[in-house]
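Straight from Swiss-Prot, the features:
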BINDING   CYS60, CYS62, CYS75, CYS78  Zn(2+) 1 binding site
BINDING   ASP449, ASP451, ASP453  Mg(2+) binding site
BINDING   CYS818, CYS892, CYS899, CYS902  Zn(2+) 2 binding site
Amino acid sequence: MIDVNNFEYMKIGLASPDKIRSWSYGEVKKPETINYRTLKPEKDGLFCERIFGPQKDWECHCGKYKRVRYKGVVCDRCGVEVTRAKVRRERMGHIELAAPVSHIWYFKGIPSRMGLVLDMSPRALEEVIYFASYVVTESGDTPLDKKQLLSEKEYRAYRDRYGSTFQAAMGAEAIKKLLQDIDLDKEVDFLKEELKTAQGQRRTRAIKRLEVLEAFRNSGNEPSWMILDVLPVIPPELRPMVQLDGGRFATSDLNDLYRRVINRNNRLKRLLDLGAPSIIVQNEKRMLQEAVDALIDNGRRGRPVTGPGNRPLKSLSHMLKGKQGRFRQNLLGKRVDYSGRSVIVVGPNLKMYQCGLPKEMALELFKPFVMKELVEKGLAHNIKSAKRKIERVQPEVWDVLESVIKEHPVLLNRAPTLHRLGIQAFEPTLVEGRAIRLHPLVCTAYNADFDGDQMAVHVPLSSEAQAEARLLMLAAQNILNPKDGKPVVTPSQDMVLGNYYLTLEREGAIGEGMVFKDANEALLAYQNGYVHLHTRVAVAASAVNNATFTEEQKSMLLLTTVGKLIFNEILPESFPYINEPTNSNLEKETPAKYFVEKGANIKEIIASREEVAPFSKKILGNIIAEVFKRFQITETSRMLDRMKNLGFKYSTKAGITVGVSDILVLGEKDEILHEAQAKVDNVIKQFRRGLITEEERYDRVISIWSNAKDVIQGKLMKSLNKRNPIFMMSDSGARGNASNFTQLAGMRGLMANPSGRIIELPIKSSFREGLTVLEYFISTHGARKGLADTALKTADSGYLTRRLVDVAQDVIVREDDCGTDRGLLIGAIKEGNEVIESLYDRLVGRFARKTVKHPETGEVLVAENQLITEDIAHIVENSGVETVNIRSAFTCNTRHGVCKKCYGRNLATGTDVEVGEAVGIIAAQSIGEPGTQLTMRTFHTGGVAGDDITQGLPRIQEIFEARNPKGQAVISEIDGVIAAINDVKDRQEVVVQGEVEARTYAIPYGARLKVTPGQPISHGKELTEGSIDPKELLKVTDITAVQEYLLREVQKVYRMQGVEIGDKHVEVMVRQMLRKVRVSDAGETDVLPGTLLDIHQFTDANAKVLLQGKQPATARPVLLGITKASLETDSFLSAASFQETTRVLTDAAIKGKRDELLGLKENVIIGKLVPAGTGMNRYRKVDLVKTTQDDMNVENDEVYVEQ
């Protein structure tokens, strides 16, 4: 066999009859499979041992030769070679067909490749191949044309008139003769001439034909090989026959299909030998053709061949197609050994990098390691006795297991794995019971909860795999989320509540204004009940262990609370003492107002001050991000563990709980509802008098009730006590929000009906008061829709992720700097006056393309090619600079990937991106993972056009698939001024007056205008409200405008839903959609007009002819949707495993395509290491040196000081 790592590329082509015979180990002559009595394979049958190899290792059919010592002997009695049984997985056979048969892929595919080569219509081909018409193969000196179709009647008439001066035939033989007669060079030259003059349909047909003929000419495939003389038979182990319990046999459908072919083939041979009448022979040939069609692709033509119970049989094509096909089931998604799964429970006492592994599971997973260790320690004599010891679970096994799993990380995975944080590595600790223990902080990344979720465990075996798991995948390393660079391990729920409660302040609490010499004294006072956690006290600043205090501050007293003293102990020493939830306190130092002179009247000062807000979830997240920025991973993960412990401890101590009495019904509610009802009655009156339309009435009613609900919500939030448990839960960010309270204590408000239209009867009751029957019924609509939508959304979002991954999977950081001189001009993204994404957010972690200067002073803020850090970005934004020219993936020149400079910082680590990082996959995951959080459809607020523009997930799909948007905007094709807006019949027309010409645009019915007469407009800008069709925009403007538009639109959808995604991820995806051009004129190059080419291939072809001083080709950029872009990729393996498998393979075979194995999928499919990360060639040459125990100890001390 070929070694996986030794081949450079993979090529696919058409097989010639001789090639098929050379693969074969013998001809299959009989349709029999196995003998029903002996259960041994029949000779010359579909499972014949002589052809395919022995069924048992080292044993021939008749049993004359048994044992390894006869290796390679061919038995003289039964003719079976003595060898391993696994050759039955690779040895092929063949069937010599009595008549040529056409291959359905090439005859039936769209477009029909055979039809294009012969310049015949698929209808005509079908008539010939299935013996309905004759085709003239040689016209001789008759008035007939070559390739002319004749019916049976006409054929007889011409035969009688002209005798044998012409030749006509039917069936695949006739087609084969025509294919052999074709002179490719002559045809190609003829077509190239025709292209110079042809227009319209003739031109497109010529381009298609030229493409196929060129493919045959360049690939060395013969057109006549599309007709089969010999049929290959795949190895028997790939179409197995197994005995079931009841003695019956289950067999692969392929055996049935092969059997039909062999039966018909043998019958045809016999008929030909007997010299049967031609009509019988023709019928048999047609049946053979149909049998071969069914074998190759059952159901492609006519009704599929069915098995028992009318189930269509699965043919060779079905074996490759779809989720259950060879590609996606076995090559891209393999099942692995050394894995297990179990329910997860919370492990609050674990460290960040640990997980609890059930003992029996660990023993099974680490069995080989334990066996080896038992033998090495002398506790067992050999592997066999070690295995027995483990199976009997003897006590010494547990000690060995302990030592084996130490330092051996395991991977935990939770399905669905939406982004790379769905698989992380942990150090296992053995636990009793049968459940896996999971650290509470990693739940967010896994999106896990403990209501019965299950997780899978995998063991990395090789030392390289263990090293990668430890250094790259350890949970303590994955603190930032790759999609936005924010911490993903923020505390949630109980932990948030505990820290919130701990940092509360309360006016007039017990012991207010006491002064302590240090934190310990304050704690002592708290434990003895002299002060409360929330009491505002003073502590000598010198005793608080904090390096950010100045000398002057150290001589003063620090005003704080007991809880904040406890909270600040978890932070590193050189971090500011956090006394208030503000950014300045976090980033710079504790504000000066919290320091007072010793001897001042503390009680008075405290009493005169407002309470400081406690720390909510958002603030905790900011603290984590800031600690990470300053102290890197180890310190952060330690601080996180401490924060978790504090949270759990104090949420327990707080005893915060919810009771019915916490929900207080608003007193003024009735009054507000009365007012609203009166307004509604008024609107209805106006409607009845005909003053307003039905639509206006509906809209006004809806807005009146919405406003009433908002008023109630505002009053309710004001009336809630700051100590109300429910308020605390919501305010801290632990659970719940304002709208939940309004429903509990105010009113439920308006509901939508199943179609998404809002019902104008509001639900006036709250849950506290209870709903009436009608109200309950109305609210069930919305609830049911919510559940149904969620289910649909998950599937949609998963499919979107799959397409995104597919289109970007070969984008890898390939080099340090591509040396481009282009950049992307960026500013804040705005929608009206609202800033959707600020300039700061867009700048952080990017490289400047041009020097940025201060607009007033002219001082250099950022040099060319300098990384823009958070601090620099703040300075730039505050200086009043509107736009900055940065390096971007859009303008990167690197082939098959991006360079470090154009990509910028790796969001997951906060450092420069490494060469070899698979940024395409990361981008796809970052865009796909939040997909489930996006809403499904818009709520229709009545039938107002313009409001119904698609939002949420459907809009994202619309953008990435480059579909025509719903509610499409009309755009201007020229720069100019709006000259006039005219009313024509029932619609409007906008006239744009340019410098040279005027253009008139018809505005579709119901669209809203965005422009007024006399207003200047530039090309590519909208005249009406709505979404622009990016394809239109590309025609009118250039690539840059389209890239920016797509980026802006994607960001709009996500930011509106409160999801942050780094620009660079969207840039990587959009770049993949715009990497092709369509050749409009070939010039003197080798490229064909009308073909899609990669931009790089196109520039290469042009560079070649320009050097010879010839005419270059011209092309237009093309925007492809992600599905189309995936199928147009250079790698046929990647495309075939994505969608439309048969079409992709048909095409690739004719072109004789080479797959250079550049992307990730192609390499996974053939079983190579992926060419990203450490699998890249530049890293593969590294030698691994085993470190000694001393080195290991030093390293471990660095990684975990706390072990």
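Quick reminder: no glycine exception, Cβ is built from N, Cα and C everywhere.
Each of the binding-site residues CYS60, CYS62, CYS75, CYS78, CYS899 was scored by the number of other CB atoms within 10 Å of its CB, and the largest score is that of CYS60. In this view, the densest Cβ surroundings among the binding-site residues CYS818, CYS892, CYS902 belong to CYS902, judged by other Cβ atoms lying within 10 Å. Taking each Cβ in turn and tallying the other Cβ atoms within 10 Å, the top scorer among the binding-site residues ASP449, ASP451, ASP453 is ASP453. Secondary structure at CYS78 (Zn(2+) 1 binding site), taken from DSSP and collapsed to helix, strand or coil, is coil. Report note: the Zn(2+) 2 site is defined by CYS818, CYS892, CYS899, CYS902, and the residues of the same chain whose CB lies within 8 Å of the CB centroid of those residues, excluding them, are GLU815, ASP817, THR820, ARG887, ALA889, THR891, ASN893, THR894, VAL898, LYS900, LYS901, TYR903. Checked against CYS902 (Zn(2+) 2 binding site), the binding-site residues CYS60, CYS62, CYS78, ASP451 differ in C-alpha distance, with ASP451 being the nearest. CYS60 (Zn(2+) 1 binding site) falls outside any helix or strand according to DSSP and counts as coil. Of all the binding-site residues in the list ASP449, ASP451, ASP453, CYS818, CYS899, the shortest Cα-Cα distance to CYS75 (Zn(2+) 1 binding site) is found for ASP453.
Annotated pair CYS60 (Zn(2+) 1 binding site) and ASP453 (Mg(2+) binding site), C-alpha to C-alpha distance, rounded: 52 Å. Considering only the binding-site residues CYS62, CYS78, CYS818, CYS899, no residue lies within 10 A of ASP449 (Mg(2+) binding site) on a C-alpha to C-alpha basis. A gap of 44 Å separates the Cα atoms of ASP451 (Mg(2+) binding site) and CYS899 (Zn(2+) 2 binding site). Taking the Cα atom of each, CYS62 (Zn(2+) 1 binding site) and CYS892 (Zn(2+) 2 binding site) are about 67 angstrom apart.
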